[in-house]
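Below you'll find the structure, written out as structure tokens, and then a few comments.
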Amino acid sequence: MKREPLSFKQTVYLLILFIIGSTIILPVGTEAKQDIWAAVLLAIVMTLPVVLVYARILSLYPERNLLEINEQILGKVVGRFINFLFAFYAFTLCALVLDNFGQFINVTAIPETPLAIPMLILCLLALWATKEGLEVIARSGEVYLPIIVFVATFTFLFLTPNLNINRLQPSLYQNSGGIVSAALHLFSFPFAETVIFTIIIYCTNKTKAMAKVYLAGLLIGGGIILLSVTSVMAVIGPERYQASYFPAYLAVQTINVGDFLQRVEVVVFLIAIFAGFIKISLCFFAACKGLSNALGCKEYRFLTVPLGLLEFLFASNLFNSTKQMAQWASEVYLYFAFPFQVALPMVIWILGEVKRRGRQGSPEVDLHDELR
Amino acid sequence: MPSFQNRQELVNELEYHYFIFLLFSIFGIVEAIQLYHQKQRKELTIYLFLLLPGLVITVYTATQVGLPSIAEELGSWFGWMSQ
């Protein structure tokens with residue numbers, strides 16, 4: 001399979017955009033109410049060991065991605081079956097994000113247009129980006145992230161007069177259950193979704209680089225999420241945050257600087273779509289790559305059109321309403337994602353360590369020679 | 001799938017499903033011919049195996065009104081979501 005190397009900067013940028021993705025538009029961690037900042041911090045702490053496991057898996061087998069590592073560790077048949085499961089997860093995640101953005105665009109901007117139209121446009125863009133390859137998606141990320149950071153900073157500055165610190169109080173008062181529950185939801189969406197990156201990227205010879213990439217992406221992306229949700233909560237308060245499907249949009253609607261700077265919600269709209277495009281493209285890329293590996297094909301690009309059509313159909317028939325989408329995200333997603341985000345990577349990591357140590361014990365076999 | 005209030009809504013729904021069907025059919029035919037000429041038979045088989053059901057589902061969803069969503073259907077099987 002043709003390698004598409006990414007630089008450290010490009011990978012970290014992609015990770016940040018992936019984490020920001022749909023998180024900035026959706027009401028995440030609603031159970032924590034005014035203590036949402038604590039839930040985000042707890043979720044980051046919970047994700048740290050998991051992303052280190054992801055990084056370790058990739059470091060164990062340099063120059064290989066998770067799909068190739070699975071085949072190496074578990075054998076061809078079981079490995080490809082596991083790869084198929086990961087491809088299914090990436091496919092489902094792509095459909096969910098596509099649906100999130102379709103609903104967001106439909107509800108906030110073009111309510112008269114059928115929901116499927118924005119979804120189709122996003123799907124075609126992701127299909128095109130995947131056909132062009134990972135480098136093109138990474139370069140798009142390099143262009144988008146500085147714009148997003150610049151615009152988000154100004155939006156935050158304009159939002160500061162509306163911040164009401166009283167809305168974040170009482171702080172940590174008889175709400176530990178809510179914080180833990182919100183942290184678990186934040187762990188599964190968006191932080192541990194970065195498992196998708198193990199399919200996309202591979203480790204170069206520097207074993208510590210992978211951990212640095214993951215930690216940098218998680219901490220910067222997590223920091224942005226922390227700042228974003230806390231300021232949204234401080235602007236609209238826990239009740240409206242919980243009741244709204246797109247709270248960030250609602251918060252930015254309150255910006256009014258001297259009656260001449262208003263309706264800047266279009267900015268949030270653009271940020272969300274940039275980040276969402278990257279997340280959808282990466283998930284779709286991972287789904288195509290996973291499926292091509294599971295079917296024993298060397299190239300993944302030929303799968304983009306048929307899988308793109310199935311992706312669109314799956315996303316457009318996934319939920320009937322925004323309420324159903326929110327309900328699914330809060331009640332089902334955590335349990336659905338757990339095997340792919342934690343259980344399978346843990347099993348692969350343990351088997352990888354055991355196999356590696358077994359090989360290092362026998363003097364005849366050099367692991368790196370065998371890998372090449 | 002939404003239920004339609006009037007005939008115009010149904011026509012709109014049919015129109016964009018027709019557009020999607022046409023779009024992916026054209027893409028599909030072009031790429032299938034390309035794969036055939038490159039003698040990538042395995043890839044061509046997989047390609048058609050994935051594309052044709054997609055096109056059939058597009059036609060099916062266009063002609064059906066009030067289909068339950070996938071989440072609803074799975075929810076009723078596994079008792080996931082509170083209705």
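Backbone N, Cα and C atoms are what each Cβ position is placed from, and that goes for glycine too.
TrEMBL labels come from automatic prediction, so no person has curated them.
Listed in TrEMBL:
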type	residues	note
TRANSMEM	A:12-30	transmembrane segment
TRANSMEM	A:36-57	transmembrane segment
TRANSMEM	A:77-98	transmembrane segment
TRANSMEM	A:104-129	transmembrane segment
TRANSMEM	A:141-159	transmembrane segment
TRANSMEM	A:179-202	transmembrane segment
TRANSMEM	A:214-236	transmembrane segment
TRANSMEM	A:266-288	transmembrane segment
TRANSMEM	A:300-320	transmembrane segment
TRANSMEM	A:332-352	transmembrane segment
Query - Touch test for the transmembrane segment (A:214-236) and the transmembrane segment (A:104-129), at least 3 Cβ pairs under 8 Å - result: no
Report task. Count the CB pairs under 8 A between the transmembrane segment (A:104-129) and each of A:12-30, A:36-57, A:77-98, A:141-159, A:300-320, then give me the winner. Result -> A:300-320
**Report entry** Of A:12-30, A:77-98, A:141-159, A:300-320, A:332-352, whichever stretch has the most CB pairs under 8 A to the transmembrane segment (A:36-57)
**Finding:** A:332-352
Query raised in the report: What stretch of A:12-30, A:141-159, A:300-320, A:332-352 shows the most Cβ pairs under 8 Å to the transmembrane segment (A:179-202)?
Result: A:12-30
**Report entry** Remote residues contacting the transmembrane segment (A:332-352) - C-beta distance under 8 A, at least 6 residues beyond either end
**Finding:** 50, 53-54, 56-57, 60-61, 66, 69-70, 73-74, 82, 85-86, 89, 92, 96, 184-185, 188-189, 192-193, 195, 198
Report task. Sort out the residues at least 6 away from either end of the transmembrane segment (A:12-30), same chain, that have Cβ-Cβ distances under 8 Å to it, and list them. Result -> 6, 36, 39-40, 43, 97, 100-101, 104, 137-138, 141-142, 144-145, 148, 182-183, 185-186, 189-191, 193-194, 196-197, 213-214, 216-218, 220-222, 224-225, 228-229, 241-242, 244-249, 268, 271-272, 274-276, 278-279, 282, 326, 329-330
